[in-house]
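What TrEMBL records for 210, 246, 279, 315 is heme b binding site. The compositional bias 'Basic and acidic residues' annotation in TrEMBL covers 174-184. The compositional bias 'Polar residues' feature in TrEMBL is assigned to 185-202. Look at TrEMBL and you will find 47-165 tagged as domain 'DOMON'. The domain 'Cytochrome b561' annotation in TrEMBL covers 171-375. Under the heading region 'Disordered', TrEMBL lists 166-207. Residues or ranges marked as signal peptide by TrEMBL: 1-25. Sequence annotations record features per position, and here TrEMBL assigns transmembrane segment to 211-229, 241-261, 281-299, 311-331, 351-374.
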C-alpha cells in the first residue's frame, strides 16, 4: 500500500515537472493560429513575447502576429511598434504602434497610435504605415495582435519595440522602467530573421557620467567655492590661502562642468525626438556665465583701483546667479531622468539633497559665526583712536576676491 502511494506520488511529480518544463520551454515554433500560417517567427528576448511574420519585399506587405504571454489581467495594455527612423536610442519616440487592450467581455480592443513623446498615453490615431486586418485576441493569458502593414518596398530591416503596461480605466498609463522593459527593442532583419539588440548599459553609463559630472561640478564644487570665498577671508590667518582655494575650486568646477556639458550634448544628439528644453537652456546659460567669470578673472582690477567696486558687484551677482541656476538645473536633471527612466535615480536625488542641505547648514552657521567676529572687531576698533585696524573688521584694508 505504501509503495503504491509512493509510486503514484512520483508519477504525479514527473507529470507536473514535464508540464513546467514544457511551458517554460515554449517557443514561437510551438505556436499555431487558426487559418493563419507565417513564414518566419522569432522568440523576442524580453517580456515573454513572440513575433511571427510573412514579408513580401516586392510589395512591402508585412503580415504579423505579435504574441505577448503572461497577461493575467484585463487591466493591462499591450503594444508592438515599428520605429520608421530606425533609431534604437530612443526607440520609443516616433514609433508607430499597434495597441491591444483586453476587454472583460472577450475580444480586446485593437487600434493604432503614433508615439510622439515619452509621456504618451497611446492615444488612438493614424500611423505612417497603411494597416489592414488589425485585430487582437486574448486567450490563456496571451494577447495576440494580428495586422498587415505596407512598408517601403526596399525595406529589409527595421527597429521594433514591444511593451505592456497598466490601465487607468480605459486609458493606458506609463509602462515599467525595469531592465526588461528598457531593453524590449531591437533591430530586426525581415529576410534572415536575425536581430541586433541595443546596448542599454552603454547609454545608461553615459547618463550616469553626465549626471555625476554636472552634480559634482556645478552643483557641489561651485557652491563650496563660494562658501570658501565668503567666510574664510574673515580669518586673517587664512589670507591669501582662501583666495587660492576659491580659484582652485571654481576652476575645477568649470572644467568638470564643461565635460558634463559635452556629455549632455552627445546624449541629446543620440536622442532624436527627445526634448528637454528647460534643462538644456539652463545648461547653456550656465556655461556662458561660467565662461564670463573665467574671463573676468583675467580682467580683475587691483584692490585700490577705482573700478574695483564695480568689478566686485559684477563678480558677486554673476557668481550667485550661476550657483542658483546650477542647483536648480541639477534638480531639473533629476526630474528629466525620472520622466525618462523612472524612479531608479531617486537615491541619487536624495543624496544630493542631503549634500546641498549640509552645505546650506554650514553656510548658515558660518554666516552667524562671521558676523559675531565682525561685530567684535568693530567694537574693539571703536575703542581705538582713528580706527587703526580699519572699519570693516577684516583688517587694515578691505580684502576682496
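Just so you know, glycine gets a Cβ as well, placed from its N, Cα and C.
The listed stretches are 211-229, 241-261, 311-331, 351-374; of these, 311-331 has the most Cβ pairs under 8 Å to the transmembrane segment (281-299). Below 8 angstroms of C-beta separation, residues 215, 219-220, 223-224, 227, 230-231, 234-235, 327, 330-331, 334, 392-394 of the same chain, each at least six residues beyond the ends of the transmembrane segment (351-374), sit close to that stretch. For residue 279 (heme b binding site), applying a Cβ distance below 8 Å and a minimum sequence separation of six or more within one chain yields 329, 332, 333, 336. Tertiary neighbourhood of the transmembrane segment (311-331): same-chain residues 214-215, 218-219, 222-223, 226, 279, 282-283, 285-286, 289-290, 292-293, 296, 299-301, 349, 352, 356, 400-401, selected by CB-CB distance under 8 Å and a gap of 6+ residues from either end. When averaged over the domain 'DOMON' (47-165), pLDDT in the model lands at 90. Between the binding-site residues 210, 246, 315, the minimum number of other C-beta atoms within 10 Å of a residue's C-beta occurs at 315. Largest Cα-Cα distance over the residues recorded as binding heme b, namely 210, 246, 279, 315, equals 27 Å. Helix, strand and coil counts under DSSP for the compositional bias 'Basic and acidic residues' (174-184) come to 4 helix, 0 strand, 7 coil. Helix, strand and coil counts under DSSP for the domain 'DOMON' (47-165) come to 0 helix, 68 strand, 51 coil.
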